[in-house]
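What follows is a single structure, written as structure tokens, with notes after it.
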Amino acid sequence: MAHRADAVAPLLAKPDAAATPPPPAKRNKYPFFCAVLASMTSVLTGYNVAVTSGAQIFMAEDLGVSDTQIEVLSGVISIYSLVGALLAGWTSDRLGRRLTIVLANAFFLVGPLAMALAGGYALLMVGRFVAGVGVGYALVIAPVYAAEIAPASSRGLLTSLPEIFINTGVMLSYVSNLAFSGLPVHLSWRVMFAAGVVPTVFLAAGVLTMPESPRWLAMKGRVAEAKAVLDKTSDTPAEAEQRLLEIQDVVMNSSGNRDGGGGAWKEVATKAGVRRVLAIVLTLQFFQQASGIDSVVLYGPRVLAMAGVTSNTLLLSLNVLFGVAKAGSILVAMVLADRVGRRPLLLVSTGGMTAALLVLGSLIAAFAGAKDDAAVAAVSVAAVVAFVVAFSVGLGPLAWVYSSEILPLRLRGQGAGLGTAMNRIMSGGVTMTFISLYQGITMAGAFYLYAAIAAASFVFVYACLPETRGRSLEDMEELFHTKRLRNSPPLVQFDSVHCRFAIVGAALDLDR
């Protein structure tokens, strides 16, 4: 009995003192600068995904596109992003993390420009495809670069940066919707898309001034360059030496698979620890999107219209409020991730999302059809804001943080691509079916469904996710039993015998 209690303890306890180094006296600001610059590409991700929220009103009037076409156009960018997500691992392992970020900016230049010049629905879809490939690349590479450039003391903060910038892009797209809504109909939506083109060239040039990821350099045998980067990005010289030794140890254990070939994927079939890590990554990304956040991001005006708000200007203004709340909450997550830990924030987040969705569904069920009822509209807006805040303080950014932390180096690029693919499939599924879903089971029924999924994500976090705060990326290989060397004992025992979860009716056994 004592042995079993020790085995499951890491799920409930913080890492022990031996695994958690004392905080440095002064943190190095250079990796923060690098992570910020790399993550700026994520602004374009958020902008391009969410700009259709308001632009769809004017596209429908100008081009005569139907509700079904709008539904597909809004959500299909997530499906298109699968191309970029699945190629990003291969590209980043061969060209490097830095050039992959530049490539993402090139897609963000061509795609929105094509949409701004589109004369019909077909060209809109072409532009959406190109932008979608850029979204996939950016979603994979930004958090991977941030995780690999950051010292352990600030990795949670820096790995959260892509999410805060995605949400800044969402907020800016809402501001763009409101600011350009007064233009003639045939110009307004075109300017909304074109506004996202301007920053791409400057961002691509800025990224070229950043150092390459030290882990990628070590994988390529460029150890001297990796050491130079670590000297610049570590809090102390001793930490730089330790990080280099850990990276070299992992790279040495990954011999024969330095270019991301089939060796790492053979481990998925043969090593339980690697399968468990991939299962956790995929499940986290499933829950992040299946709980319905993109229904609010892309269809916020429709949701509030159902709650009785009738003014288009007010609807677009409230969208800006949601964007501000979403982006602001990420700042809280960034501050707390390295102080409180990943696990407590994820539990608070998923619990809060469940409560907010239940309140919103109940309000719509009780007062559906009410027009200009200030009290109902105010409480509905408060419920949506609560849902957005709960998501953004935990599950939103930390699904990416946790995923990028626990993947072993030899599988990190391609594993992150798979996780992003799951995220985008679920995002596309949610956004491309939301209108049909609420027409079929009512708007209240749709939010009750999302609430049930959010509740399931709470159970998953509680049962299956150990705390990772304060651990080096290389320590994760010990924690999750993904290290190839078997002659040294693990730092802690992570026993997931009872970590079983059902997704869409199928049992997912994380220990098999």
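Backbone N, Cα and C define each Cβ position, glycine as well.
All annotation found in TrEMBL is predicted automatically rather than curated by experts.
Per TrEMBL, the feature transmembrane segment maps to 30-50, 70-90, 102-123, 129-152, 164-183, 189-210, 314-337, 344-368, 374-400, 447-465. Annotated domain 'Major facilitator superfamily (MFS) profile' per TrEMBL: 34-469, in sequence order.
Counting C-beta pairs under 8 angstroms (sequence separation of 6 or more), the transmembrane segment (102-123) fails to reach the transmembrane segment (314-337), with fewer than 3 such pairs. Annotation: stretch 129-152 has the most Cβ pairs under 8 Å to the transmembrane segment (70-90), among 129-152, 189-210, 344-368. For the transmembrane segment (189-210), the neighbouring stretch richest in Cβ pairs under 8 Å, chosen from 30-50, 314-337, 344-368, 374-400, 447-465, is 30-50. Averaged across the domain 'Major facilitator superfamily (MFS) profile' (34-469), pLDDT in this predicted model comes to 85. Under the criterion of 3 or more C-beta pairs below 8 Å, with sequence separation of 6 or more, the transmembrane segment (314-337) and the transmembrane segment (374-400) qualify as touching. A contact between the transmembrane segment (344-368) and the transmembrane segment (447-465) is present, since 3 or more of their C-beta pairs, 6 or more residues apart, lie under 8 Å. Residues 143, 159-160, 162-164, 167, 284-285, 287-288, 291, 293, 296, 300, 303-304, 307-309, 318, 321-322, 325-330, 332-334, 336-337, 342, 345-353, 355-357, 359-360, 363-364, 367, 423, 457 of the same chain lie 6 or more positions beyond the ends of the transmembrane segment (374-400) yet place their CB under 8 Å from a CB of it. Taking Cβ pairs closer than 8 Å, the transmembrane segment (129-152) reaches residues 21, 27-28, 31, 34-35, 38-39, 41-42, 44-45, 48-49, 76-89, 91-92, 97-98, 100-101, 103-108, 110-112, 114-115, 158-159, 161-163, 165, 211, 213-216, 229, 233-235, 239, 243, 400-401, 403-405, 412-413, 416-417, 420-421, 423-424, 470-473 in its own chain, all 6 or more past its ends. Residues 11, 280, 283, 287, 290-292, 295, 342-343, 346-347, 350-351, 353-354, 357-358, 360-361, 364, 395, 402, 437, 441, 496, 498-499, 501, 510 of the same chain lie 6 or more positions beyond the ends of the transmembrane segment (447-465) yet place their CB under 8 Å from a CB of it.
With a cut-off of 8 Å between Cβ atoms, the residues of this chain six or more beyond the transmembrane segment (30-50) that come close are 77-78, 97-98, 101, 104-105, 108, 111-112, 131, 134-135, 138-139, 141-142, 145-146, 149-151, 154, 157-159, 161-174, 176, 195-196, 199-200, 203, 206-207, 209-211, 232-233, 297-298, 323.
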